[in-house]
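Listed in TrEMBL for this protein:
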REGION    43-62  region 'Disordered'
COMPBIAS  43-53  compositional bias 'Basic residues'
REPEAT    73-109  repeat 'WD'
REPEAT    128-169  repeat 'WD'
REPEAT    170-202  repeat 'WD'
REPEAT    218-261  repeat 'WD'
REPEAT    262-303  repeat 'WD'
REPEAT    359-385  repeat 'WD'
Amino acid sequence: LRSSVPHSSVESAVRKTLAQLPPTIKSSPSRYGRIPSFISPLRRRRRLHRRSRSPSPLPATMAQETLSLVGTMRGHNGEVTAIATPIDNSPFIVSSSRDKSLLVWDLSNPVHSTPEVPSEYGVPFRRLTGHSHFVQDVVLSSDGQFALSGSWDGELRLWDLSTGLTTRRFVGHEKDVISVAFSVDNRQIVSASRDKTIKLWNTLGECKYTIGGDLGGSEGHSGWVSCVRFSPNPAQPTIVSGSWDRTVKVWNLTNCKLRNTLQGHGGYVNAVAVSPDGSLCASGGKDGVTLLWDLQEGKRLYSLDATSVIHSLCFSPNRYWLCAATEDSVKIWDLESKHVVQDLKPDIPVSKNQILYCTSLSWSADGSTLYTGYTDGTIRVWKISAYSYGA
């Protein structure tokens, strides 16, 4: 760990960073403040989970909610790498792509469609340009006014969505920026890179700390850092990172010290996700297995087999569901029962040489809509349907 703030302790400088909140970015309450604990039912059923070695379909007589394809969103000319949704359920989303741009989508007039003939769900009304290479990740500030992107050009950019202009450039990584995140209060930004480092920034574009790398000590990752996320729990300030060194690391944000190294993956880690209440972490990657971790205790709970490389993970904001974007399908698990709720596969013709799979996904804040980004540059939109029953 190395600091760019001379002659001061890590903890005191972090507190100073917390005080540097520009008035243009407002702090907002967490989107997940009213949901029940994710970890409690998992602890209660841990013994049951251990007996069940693999997920299984729901019983045919059990009622279940399902998702149906209701529309598509076309505008990118390359793979959709990330999708960001606002926490107040405003009618827009932002997506990033390998076409080197971001798109802001207007969802105010979604066209009603049928599963057989999905229609265009949203309209791209602003393209954000400035990155010189693939844009790998995008997140939104909690007030919905700013987007933060990370690119293979080695930079982060902060965008004012009202103008479409870059308001800050974050320069310091030596290689591609793979993942970015806002803290819940918008006061801090974290980024992960192929230079094997994690950087902590304030919103003025100043790098306060670098974790890992050649000069960053032995606690950091030994491989590319592929994903980084803040915990949404303000009572336990935490950063979670995943890496090509096959580990997940949990960092104490108060002093930037390593809390736990979570081991168990048989291949590189592509994605990490933190549950809405901050109690649970999911990780996945090359080995096609999702591992569930108790963040407070630093213990592995159980695994879910996706049978294919996992590119992205996200928790539902109001159901005990975990979604995984894999090279076979979008897989949805019920975390309490370990059942597979659904495998989402768009029923579209694919040419012999075309590779089509989901690379990114994000839920709407109310949990009613799942946005999935694909290698063909299309965002496919799925909505929760009414309860249905098996035969």
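Glycine too: its Cβ is placed from the backbone N, Cα and C atoms.
TrEMBL does not curate its annotations; it predicts them automatically.
Within the chain carrying the repeat 'WD' (128-169), a Cβ under 8 angstroms from the stretch's Cβ atoms is held by residues 24-31, 78, 81-88, 90, 94-98, 100-104, 175-182, 184-186, 189, 191, 193, 201, 203-205, all 6 or more beyond its ends. Packing against the repeat 'WD' (359-385) from elsewhere in the chain are residues 31, 65-89, 93, 95, 97, 99, 105, 118, 121-122, 311-312, 314-319, 323, 325, 330, 344, 346: each is 6 or more residues past its ends and has a CB under 8 Å from a CB in it.
Per DSSP, the repeat 'WD' (218-261) is made up of 0 helix, 23 strand, 21 coil. Shown for the repeat 'WD' (128-169): DSSP residue counts in helix, strand and coil, namely 0 helix, 24 strand, 18 coil.
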